[in-house]
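Q: Swiss-Prot lists these features:
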- Asp310: active site (ACT_SITE)
- Asn23: N-linked glycosylation site (CARBOHYD)
- Asn87: N-linked glycosylation site (CARBOHYD)
- Asn118: N-linked glycosylation site (CARBOHYD)
- Asn142: N-linked glycosylation site (CARBOHYD)
- Asn326: N-linked glycosylation site (CARBOHYD)
- Asn385: N-linked glycosylation site (CARBOHYD)
- Asn404: N-linked glycosylation site (CARBOHYD)
- Asn440: N-linked glycosylation site (CARBOHYD)
- Asn477: N-linked glycosylation site (CARBOHYD)
- Asn518: N-linked glycosylation site (CARBOHYD)
- Asn679: N-linked glycosylation site (CARBOHYD)
- Asn701: N-linked glycosylation site (CARBOHYD)
- 1-20: signal peptide (SIGNAL)
Amino acid sequence: MSVAKSIAAVLVALLPGALAQANTSYVDYNVEANPDLTPQSVATIDLSFPDCENGPLSKTLVCDTSARPHDRAAALVSMFTFEELVNNTGNTSPGVPRLGLPPYQVWSEALHGLDRANFTDEGEYSWATSFPMPILTMSALNRTLINQIATIIATQGRAFNNVGRYGLDVYAPNINAFRSAMWGRGQETPGEDAYCLASAYAYEYITGIQGGVDPEHLKLVATAKHYAGYDLENWDGHSRLGNDMNITQQELSEYYTPQFLVAARDAKVHSVMCSYNAVNGVPSCANSFFLQTLLRDTFGFVEDGYVSSDCDSAYNVWNPHEFAANITGAAADSIRAGTDIDCGTTYQYYFGEAFDEQEVTRAEIERGVIRLYSNLVRLGYFDGNGSVYRDLTWNDVVTTDAWNISYEAAVEGIVLLKNDGTLPLAKSVRSVALIGPWMNVTTQLQGNYFGPAPYLISPLNAFQNSDFDVNYAFGTNISSHSTDGFSEALSAAKKSDVIIFAGGIDNTLEAEAMDRMNITWPGNQLQLIDQLSQLGKPLIVLQMGGGQVDSSSLKSNKNVNSLIWGGYPGQSGGQALLDIITGKRAPAGRLVVTQYPAEYATQFPATDMSLRPHGNNPGQTYMWYTGTPVYEFGHGLFYTTFHASLPGTGKDKTSFNIQDLLTQPHPGFANVEQMPLLNFTVTITNTGKVASDYTAMLFANTTAGPAPYPNKWLVGFDRLASLEPHRSQTMTIPVTIDSVARTDEAGNRVLYPGKYELALNNERSVVLQFVLTGREAVVFKWPVEQQQISSA
């Protein structure tokens, strides 16, 4: 019997939905954006731990805590038969019963709380904290907050794992940049800035999840996704499963991968997910340039870090990309390129045939499985009750939820877009009309990738539990064109002191496998808002959802007094919105995306990956957009006023020689370009009457080096907590050498001699000029692309 037939026999029960290659009816994944996963792939299983005291493995090296993790994992895998080896290459692995190795599920989710956990129906382990979606959390510009959230998720995840209800690897964070305003999953990301925001988010989230920077005992394993060039779902019928994105080496280096460099080199992430799409003709999961040359050889991915495919993307190497000649070839191409574990069943079902046809070796398959189990060793999977985190219980879930960080993330991230002084509400306001499809929501507060929360506070809940008299009317639905609810809404508004409308978009319009085709307010929400604005009452609009919509009509309507963006604010979202509106908390969030005018979505195809303006493309992101945004990236108002000033004496160094910078000692930094060029220090004074946090973005610009030049780019950000009126505080934003480099056409990061500016926020409230002298120099060398795997 051939190896392929032997494995097929073993996997009959394991893979009930697997396809045979003789089957000629396949889903057209060039159009369909949802993979047809087998029941085995999506299964959640009851997890347990190997018995290293009395079980079959107890006398083997894998149970020897004094041995190196790699050696322990290699010793384990060497005991597998070939069939057992192949069986354990998928996300749902059956383990090896004869060795006492339990089944394991790689696929757990932790985007903003636990998902794909085995929650109970009630009582202990029936919920976990549900934080705001990442795009709202990033708008707080608070690195510590991101790390706190990830740390809590990891604590709760380990508590669930200790009772077999959650895995030790999580498919998070999503650190793709939110390039296209129509992308359905932009809500999952830290925004449109890749170099600074996505990289900072990656670092803080990964180190929070993993328990530090490459700790000896990992808390959980984070997975940086989706690598690389993934930022569309199904725009205009272009499926994410079949997209082939044309990206220059310049923009691949500059925009689509710097966050993955930071994840690998600095945060020491232990897992990376290759994406569905192809880039320049090569599917990401069969792209040896991505997975070996860049990730391992250039970015410094940890030695036993493993690459997981996105779910079914190894299969997609054949269908629909047709990079491989058949499914067997897709499995072989993916493992040889560097995809270690298949989220799916392609490896499990087709490695036997690939082995028989000498397309793959046992050593190549072993390499990936050893990497996975090496991480499980680091996670204490084989250490029994001696594992560092084995004592975490349900009490730790309850305790960490009580820290109320979910509320803090929501209230810090909320962005005040417009305000004429109506907010915070005057003490004299007694009655409020609450209107709109986002006012009485539950799970909608959570966005996507969520599990059950301990509670969900809608805006309506929060106001009903306050001292206000509430007049509620639904008004209209997100995408409705029916005006049946208008009269009730207008009636509620007329008998109230203040009108609050909550609407925008939700996951019926933006989601995984679903992009938008426009960026307008859907349905007849604007029509209802316009009628409400004619009543002569103060009107506050809450614009909800992850992606932006064109709110220019609300911005220009003087009868719309205030406009707030609230994202997907999580379990405490309604309370956070109430507290901002009433002034219990002051807003300080800033947009981490650009709000474009509606016509932007019609000017060029969303599949155009070039950020630089060309043809009908007016440029993408705040760095290159040549039009006039409705609200800029970085926009955000306060309830008070601030004054920023440079505290220096005028003697600070403003000229730097490039060669001197790159030849200086750099203790504490792996690379000289990570050294601070300077520290941008400003004094911030609250000149108003309201205590408030203060947030800042620091931008650089220059005309040094070759054209075209970006408008500006972000080099740093920070947040000061609760600055009282008439008080001052110092803020320091380090500016690294690399952050003022530009990317040349070959993808190299280059320092160019010339004049540079650093400007604080869009208002340019403080500007610092400096000069780089000497010869231009490469600070980061981008490798020449060479593929080890060729197309069939």
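Cβ from N, Cα, C; glycine included.
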Q: Can you tell which of the glycosylation sites Asn142, Asn385, Asn404, Asn440 lies nearest to Asn87 (N-linked glycosylation site) in space, using Cα positions?
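A: Of all the candidates listed, Asn385 is nearest in space.
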Q: Quick check on the glycosylation sites Asn87, Asn404, Asn477, Asn518: which one has the highest count of other Cβ atoms within 10 Å of its Cβ?
A: Asn87
Q: Tell me the Cβ contacts of Asn142 (N-linked glycosylation site) under 8 Å, same chain only and six or more apart in sequence, or just say none.
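A: Looking at Cβ-Cβ distances below 8 Å from Asn142 (N-linked glycosylation site), excluding near sequence neighbours, one finds Glu412, Arg719.
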Q: Could you state the CA-to-CA distance between Asn679 (N-linked glycosylation site) and Asn326 (N-linked glycosylation site) to the nearest Å?
A: 55
Q: Provide the three-state secondary structure of Asn87 (N-linked glycosylation site) computed with DSSP.
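A: DSSP call for Asn87 (N-linked glycosylation site): helix.
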Q: Out of the glycosylation sites Asn118, Asn404, Asn440, Asn477, Asn518, give me the one sitting nearest to Asn385 (N-linked glycosylation site) by CA distance.
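A: Minimum Cα distance from Asn385 (N-linked glycosylation site) across Asn118, Asn404, Asn440, Asn477, Asn518 lands on Asn118.
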Q: Report the nearest neighbour of Asn326 (N-linked glycosylation site) in space among the glycosylation sites Asn440, Asn518, Asn701, comparing Cα positions.
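A: The smallest Cα gap between Asn326 (N-linked glycosylation site) and any of the glycosylation sites is with Asn518.
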Q: Report the member of Asn385, Asn440 (the glycosylation sites) whose C-beta atom has the most other C-beta atoms within 10 angstroms.
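A: Of the glycosylation sites Asn385, Asn440, the most buried by Cβ count within 10 Å is Asn440.
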Q: Roughly how many Å separate the Cα of Asn477 (N-linked glycosylation site) from that of Asn440 (N-linked glycosylation site), to the nearest whole number?
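A: Answer for this pair: 11 Å between alpha carbons.
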Q: When DSSP is mapped onto helix/strand/coil, what comes out for Asn385 (N-linked glycosylation site)?
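A: Looking at the DSSP assignment, Asn385 (N-linked glycosylation site) belongs to a helix.
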